[in-house]
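Contents: one structure, followed by commentary.
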Amino acid sequence: MTQAVLKELAKAELHCHLDGSLSLPAIRKLANMADIILPSSDKELRKYVIAPAQTESLVDYLKTFEFIRPLLQTKEALRFAAYDVARQAALENVIYIEIRFAPELSMDKGLTASDTVLAVLEGLADAQKEFNIVARALVCGMRQSSHKTTKDIIKHIVDLAPKGLVGFDFAGDEFSYPTDSLVDLIQEVKRSGYPMTLHAGECGCAKHIADSLNLGIKRMGHVTALTGQRDLIKRFVEEDAVAEMCLTSNLQTKAASSIQSFPYQELYDAGGKITINTDNRTVSDTNLTKEYSLFVTYFGTKIEDFLVFNQNAVKASFTSDSEKDTLLHKLQENYDSYLK
């Protein structure tokens with residue numbers, strides 16, 4: 001299966017972080033907007049915004065994001081950033097993407113949570129007008145933030161669903177702030193009406209995956225801690241949960257120490273619902289075409305598998321049922337030409 005074919009396949013992505021996915025030209029433009037001086041060469045700039053192939057840990061990997069934070073402190077910057085990430089996705093035939101971001105990381109200079117979300121939604125709308133893509137936004141609460149901060153963000157976004165905000169996630173330091181410490185916040189999100197996904201099992205603790213299932217959350221990011229957990233995998237499959245897998249990122253952060261310790265094959269063999277995602281296009285120096293190529297190389301993934309994974313993504317997405325029907329039809333049309 002060639003790179004060209006993999007690029008042409010229609011794709012849906014559920015797990016993509018805004019601040020970790022900005023293109024280098026976009027980073028330069030945003031820095032100019034913020035009067036921030038960057039290294040003159042892309043080779044030097046890449047050292048600041050792309051994590052090493054092997055980092056010490058997830059916490060080490062997350063340090064890369066501090067370089068981007070000052071660039072995303074205005075409505076104009078957030079709007080352009082959202083447009084840029086959706087544009088990148090559209091250029092590799094991603095027909096649906098959910099882009100997630102943490103409002104509080106863009107509130108250093110006076111923006112409110114609703115200001116940040118509205119700006120991102122405007123950028124996604126700009127991209128949708130120009131490209132063949134449906135782009136929606138998720139808000140991330142940060143696990144390490146105070147509950148008061150997160151509750152205030154939830155209050156500010158409660159009425160933004162009609163504008164394209166479709167769901168909520170908790171990201172950040174999962175090891176120090178486990179899922180069972182977020183129960184009151186998760187209940188608050190549920191009362192707001194937003195469906196949820198959670199980063200779960202990225203730090204090696206399978207209990208966080210079980211805790212998510214106990215809370216009725218059926219979409220989870222990473223789930224690398226499923227490896228070797230036969231009973232939990234069985235439960236994950238039986239409860240119709242969906243895995244947002246991020247191979248390159250997990251190898252970088254050592255969430256998976258090797259291909260052999262990545263849970264894909266076990267989950268696939270058990271009939272689990274798998275989706276393939278970039279996590280952070282720039283920080284991990286990847287895109288969906290590259291991720292698909294890795295699955296072909298390491299797992300022998302076939303085109304018919306990619307169709308199923310993308311159908312899983314659309315069905316598990318937080319967009320409307322009518323939008324899902326349209327997207328599923330587009331997927332089938334695209335893949336039919338390769339499966340005949």
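Backbone N, Cα and C atoms are what each Cβ position is placed from, and that goes for glycine too.
Of all Cβ atoms in the shown protein chains, 27 besides its own fall within 10 Å of the Cβ of His199 (Zn(2+) binding site). What Swiss-Prot records for His15, His17, His199, Asp279 is Zn(2+) binding site.
DSSP classifies His17 (Zn(2+) binding site) as strand under the three-state reduction. His17 (Zn(2+) binding site) counts 28 other C-beta atoms within 10 Å of its own C-beta, drawing on all protein chains shown. Annotation source Swiss-Prot lists substrate binding site at His17, Asp19, Gly172.
Cβ neighbours within 10 Å of Glu202 (active site, proton donor), excluding its own Cβ and spanning all shown chains: 26. According to Swiss-Prot, the active site, proton donor annotation covers Glu202, on the basis of sequence analysis.
Swiss-Prot lists His222 with the feature site 'Important for catalytic activity', giving sequence analysis as the kind of evidence. DSSP gives His222 (site 'Important for catalytic activity') a strand state. Its own atom aside, the Cβ of His222 (site 'Important for catalytic activity') has 29 Cβ atoms within 10 angstroms in the protein chains shown.
Shown in sequence order, Leu62, Ala102, Cys140, Met142, Arg143, Gln144, Ser145, His199 are the residues of the chain, 6+ apart in sequence, with a C-beta less than 8 angstroms from the C-beta of Gly172 (substrate binding site). Residue pair His15 (Zn(2+) binding site) / His222 (site 'Important for catalytic activity') shows a Cα separation of 9 Å. Among the recorded positions His17, Asp19, His222, Asp279, the ones whose Cα sits within 10 Å of the Cα of Glu202 (active site, proton donor) are His222. Sequence-distant contacts of Asp279 (Zn(2+) binding site), defined as residues of its own chain at least six apart whose C-beta falls under 8 angstroms from its C-beta, comprise His15, Cys16, His17, Gly20, Gly221, Cys246, Thr248, Ser249, Thr286. Rounded to a whole number, the distance between the Cα atoms of His222 (site 'Important for catalytic activity') and Asp19 (substrate binding site) is 18 Å. Cβ proximity to the Zn(2+) site centre (mean Cβ of His15, His17, His199, Asp279, cutoff 8 Å) flags the following additional same-chain residues: Cys16, Gly20, Arg100, Asp169, Ala171, Gly221, His222, Glu244, Cys246, Ser249, Asn277, Asn280. Summary of the substrate site environment: with the site residues His17, Asp19, Gly172 set aside, the chain residues having Cβ atoms within 8 Å of the Cβ mean position are Leu18, Gly20, Leu62, Phe65, Arg100, Phe101, Ala102, Leu105, Cys140, Ala171, Asn280.
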